[in-house]
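Now, the feature entries from TrEMBL:
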- 15-22, 40-44, 61-64, 122-125: GTP binding site (BINDING)
- Asn26: Mg(2+) binding site (BINDING)
- 8-171: domain 'FeoB-type G' (DOMAIN)
- 246-265: transmembrane segment (TRANSMEM)
- 303-336: transmembrane segment (TRANSMEM)
- 356-378: transmembrane segment (TRANSMEM)
- 390-415: transmembrane segment (TRANSMEM)
- 421-441: transmembrane segment (TRANSMEM)
- 479-498: transmembrane segment (TRANSMEM)
- 620-641: transmembrane segment (TRANSMEM)
- 648-670: transmembrane segment (TRANSMEM)
Amino acid sequence: MKENNYKEIKVVLVGNPNVGKTSILNYLVKGNLKIGNWPGVTVEKKEGHVFFDGYQITFIDLPGIYTLEEIVSEDEKIAFDFIVNRDYDLILNIIETPRIERDLYLTCQLLDIEKPLILVLNMIDEAESLGIEVNVERLSELLKVKVFKTNGRTGEGVKEILPAIIEVYKKNTKPVTINYPKEIENKIKEKNTFKWLKLQEIIKENPELYKIIKEKQLSFSKGLTKEVIRKKILHKKTLTETLDSLFLHPILGNFFFILITYLFFKISFDFSSPFIDWIDNFLQNFLAPLITKNLENIGAPHFLISFIVGALIGGVGIVLSFIPLIFTMYFLLTILETSGYLPRVAFLMDSFTHKIGLHGQSVIPLILGLGCNVPAVIATRTFQDIKDKLLVLSMIPFISCPARLIIFSFFALIFFKNPALIIFILYLIGLIFSILTSLILRKTLLKKKLSHFVMDLPPYRIPSLKIVFNITKAYLKDFVYRAGTIIFMVSVVMWLLLNLPFGEKNIEKSLASKIGKTLSYIFEPIGLGDWRITTSLLSGFLAREAIISNLGVIVAQERKDTYQKIDTLPALKEQVINLGRAIKEGFFSIFYPIPKTLEVSENSTELKDKIKDLLTPKQALSFLLFVLIYNSCLATVVIMAKEGNWKFALGFWLYSFVLAWFISFINFSFF
């Protein structure tokens, strides 16, 4: 939104995929990055703004696009539509300098858009290490644009871009455009729009001219490359080549993949668990009693105290206590992504995925599923074969997202001495069912020949911790927003159901209890017949995190006035001491060679104690298996329907429920 007295300049960041647009954007907006979705679709949108020299400069990071032709994926359609049809003031064209010859083809097409343009040669340090030298002055002279060298990892060269944007905007400086043969130029003059659109109209009217226009664009790009680029002959082995000899090795590569995956889960859990325990203890044993005490002192009505302690602290609070886990997981996942390792996983897994009828590209959505199943489903839009797409869609819901991880962590901490190992095994079980489902579908409903895909492997990069932190922060904001909206609303509904009919003191006679008991016959055979568990599972369809929040609301409602009176200052001092211990334990746990062995302490909160009374370890495992296998996420079902069809989405939802029930039944009955 534009501030008063500031004139807005709207800038779009355009470039090929993986050229570092987000890194540049992070430095331009000083970390004030906003992540959302494009209107009408669920493709991720990154934008931000900065106030500079009397202007509000709004940056919009468009999805990566290789060319303005042959648009296939949803991401490319969004980028193309914005470049060609939307209103903006300036193009910031980001180029991956080590691959400048490839990227300049898109630049040549952007020239014909006839918008003010600034060229950013990113990853200049990598180009120089490869012996690639770019004559920036000559490139600027030939294209009549400002050209900047940047290092997106360190931010070097980025600060000079802001004043250049204002200068180019004020002067309305346009770049050169490609000179086509006279016949085409004469036709261009007859059209009343910008040059690129004129060319498309000409091609539509005269298809035979397409080849001539294409060849002219390619020759211009090649000529530009020869004019401004000089390559030194280097004999030393690059860092990327050295690391690929290890990470892509048929044997060593798999070893490192297993090791990195293990460390990902170990560090995520062991580092965050002391902080989770501290936040949980702070909310339940300090904040809730303190609020209760003060509200009672001012004569607040009981229903208000019940709502704040039950719905807010007991429901939303318990989900927010897992912020350290979500932060750590996204932080590590972002490091793996920005370092260039994740695309290698797809390449490494290519031979294995071929055995189940897929290609390595299929691995990328599955990895994204670790962050959230919804963007993982969206990532299948790049698949051109519908059967490949449906196969991967059937695999994604078995990949555990942070919402499931919250549930796994909570129950594993209560019932098992080695929670990190239990969580790792659950993820592995999910992967096994993911593969088995794909194999069954490939042999039955989705038979087809194996399709092929060429993977683009970016060079390895040392991630900038500042950029990693800013991206993680943006994802964390989204998690907190969910907790403050969806989880809050579900918690309020649960609190109301627990208090209806009004005036009824016995929670066993509440509407929530009646609903849970009505459905309990379905879950009784798998050991989950208690109405508290049944009701919580039901609410998890709106948001998986709501399973834990609703258990918190129920326990808070049951405890009524059992909070002990606290002496505020000594209790606060104790919390500060406990925080110090959590920080020390969390950081030192990173260096433990094996996952920590934990037990629920005597000071554990009442929710954990209550759940230990409700379930045995065998029942808890049935609960975790059911949550793991059942596709209990409304957002994922809706997106699967949009990307596939409703018949497929609902059919898979029913299949996952039956499978989850059956596996939980086997666990409860025979083990």
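Using N, Cα and C of the backbone, Cβ positions are placed for all residues, glycine too.
A distance of 15 Å separates the Cα atom of Met123 (GTP binding site) from that of the residue listed as 'Mg(2+) binding site'. For the binding-site residues shown (Gly15, Pro63), fewest C-beta neighbours within 10 angstroms: Pro63. Pairs of Cβ atoms less than 8 Å apart link the transmembrane segment (421-441) most often to 390-415, out of 246-265, 303-336, 390-415, 479-498, 620-641. Fewest Cβ neighbours within 10 Å among the binding-site residues Asn18, Asn26: this applies to Asn18. If you measure from the Cα atom of Asn26 (Mg(2+) binding site) to that of Asn18 (GTP binding site), you get 15 Å. Among the recorded stretches 246-265, 303-336, 390-415, 620-641, the one sharing the largest number of Cβ pairs closer than 8 Å with the transmembrane segment (479-498) is 303-336. In this structure, Lys21 (GTP binding site) is part of a helix by DSSP. Non-local contacts of Lys21 (GTP binding site) by the CB criterion (under 8 A, 6+ apart in sequence, same chain) comprise Leu13, Gly15, Asp61, Leu62, Gly64, Ile94.
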